[in-house]
Amino acid sequence: MPQEFEDARAVLQKIEDAGFDAFFVGGSVRDTLLNKPIHDVDIASSAYPAEIKHIFKKTVDTGIEHGTVMVIHDGEGYEVTTFRTESGYQDFRRPDQVTFVRSLKEDLMRRDFTINAFALKEDRTVIDIFDGLSDLEHKIIRAVGDPHERFHEDALRMMRAVRFASQLDFKIEAKTLKAIEENNMLLGKISVERILVEFEKMMLGSKPNRGLEDMLTTKLNEYCPGFKDRSKELDQLTKYPLKLLENPEQVWTMIAWSLKLTPQEVMPFLKQWKTSNDLIKNVSATLQVLSMDKNDQNERLALFNAGEANVVNAIRVAQILGMNREAWLDTYQNLQIKDTHEMAITGKELIQKGIIKPGPQMGQVLNRLKLMVINDELKNESLALLNAVNKLQKDD
């Protein structure tokens, strides 16, 4: 049993000593059975919220209307949720009604997939009502009960299925896969932000090609921003070793490349996905580098504008696409300056020396100096830069 569970066993024991049932549940149990590290400890109990609050001295009402109370034990917070049933999913995401129950089976019946429907007792006994252990052994993702019902309860579960296929390298069971295809339009009811989280996790999983293939097979992509009618382009992605992708910037650069987007088209495309402005800026810069011809005369400027992290991202995406662009990093690292602030002279100094007056001309001169330094046409030294300014003014 992982240390996180060992630390929380006393919480289960205290609930059981009070006459109630308590179990570890959810993905952490699955990951424990797969010998993977766990991230969250979720506890489910037959005790109602008021009863949990009576058992423990320190509690916080984190989601009491849904049956969740945080118990503070040894300075750690553990969320304890009452066994419950759910009904009415008008938004295809959250239940309209939650009913507290005393039955573990009724609670586990509302879980998404059999591999997530385990309960683990304090004595390490695994409760497996839906043959999840068999599915875990055979690497199968299968909906609990009727897959159509599960996806109508929460349409995001369809994206979770393809995400798990990628993260775990599991196969989606035939009826579950068919139900995803038949209910794919429900994904349109889910917020883009939630789809984004699942999609990025899928693309950064250990087998992203598998997840993406399942996504295209079930046509979930038709209900994702900017992916409608782009199955052919997205399918081309599955021909590349996507497991080499390391971060969201590389994921979206790879996608932008496959959709033949220009750096300028990246912003409206990613705005649909509601990604951060930083990610949009980085993907645009990375794509700008990636789009260069091998001996592009603006190569040094593009690398300077991109910055080291985006140059590294461009090299990785190029590698995935079968291109060797390792030289870009050497070129970048040998630039005299990596930032405008590193210029050996500033506009303020030029004004103080009476060499130039404030205004548009000063900005133009400084830009020309910067470009000359970036292209190694000029040393980034005060005297050399001052001489260059005088020469530029005479020429003008």
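Cβ coordinates come from backbone N, Cα and C, glycine included.
Annotation source Swiss-Prot lists ATP binding site at Gly27, Arg30, Arg111, Asp154, Arg157, Arg160, Arg163. Summarising the annotation, Swiss-Prot assigns CTP binding site to Gly27, Arg30, Arg111, Asp154, Arg157, Arg160, Arg163. The Mg(2+) binding site annotation in Swiss-Prot covers Asp40, Asp42.
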Assigned element (helix, strand, coil) containing Asp40 (Mg(2+) binding site), judged by DSSP: coil
Within 10 Å of each Cβ, count the other Cβ atoms, then let me know which of the binding-site residues Arg160, Arg163 comes out lowest. Arg160
I want to verify one value. Collapsing DSSP to three states, which class is Arg160 (ATP binding site)? helix
Within 10 Å of Asp40 (Mg(2+) binding site) (Cα basis), scanning binding-site residues Gly27, Arg30, Asp154, Arg160, Arg163, I find Gly27
Sparsest-packed among the binding-site residues, when each Cβ's other Cβ atoms within 10 Å are tallied, from Asp40, Asp42: Asp40
Around Arg157 (ATP binding site), how many other C-beta atoms are within 10 angstroms of its C-beta? 27
List the Cα distance (Å, whole number) between Gly27 (ATP binding site) and Asp42 (Mg(2+) binding site). 9
How many Å separate the Cα atoms of Arg111 (ATP binding site) and Asp42 (Mg(2+) binding site)? 13
Largest separation between Cα atoms (Å) of residues that the record links to CTP, namely Gly27, Arg30, Arg111, Asp154, Arg157, Arg160, Arg163: 20
